[in-house]
Amino acid sequence: QKLCQRPSGTWSGVCGNNNACRNQCINLEKARHGSCNYVFPAHKCICYFPC
């Protein structure tokens, strides 16, 4: 199943913790996965959802 990226709607500020970002995406936003990705000009928490 293809996953599409979407910036986290509940994360604020710079993303410096992959585990915290992933947990927040999964628990709060019902995403499949999450990670800190560099999106100019800073790292952001990106959630991955089924497309």
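Each Cβ is built from the backbone N, Cα and C atoms, and glycine gets one as well.
Partner cysteine of Cys21, as given in Swiss-Prot, is Cys45 (from among Cys45, Cys47, disulfide bond). Candidates considered were Cys4, Cys15, Cys25; the recorded disulfide partner of Cys47 in Swiss-Prot is Cys25. According to Swiss-Prot, the listed position annotated as phosphoserine out of Ser8, Ser12 is Ser8. Swiss-Prot names the disulfide partner of Cys15 among Cys4, Cys36 as Cys36.
Neighbour counts were taken as the number of other C-beta atoms within 10 angstroms of each residue's C-beta; across the disulfide-bonded residues Cys25, Cys36, Cys45, the minimum falls on Cys36.
Under the DSSP three-state reduction, Gln1 (pyrrolidone carboxylic acid) is assigned to coil, being neither helix nor strand. DSSP classifies Cys25 (disulfide bond) as helix under the three-state reduction. Sorting the disulfide-bonded residues Cys21, Cys47, Cys51 by the number of other Cβ atoms within 10 Å puts Cys47 first.
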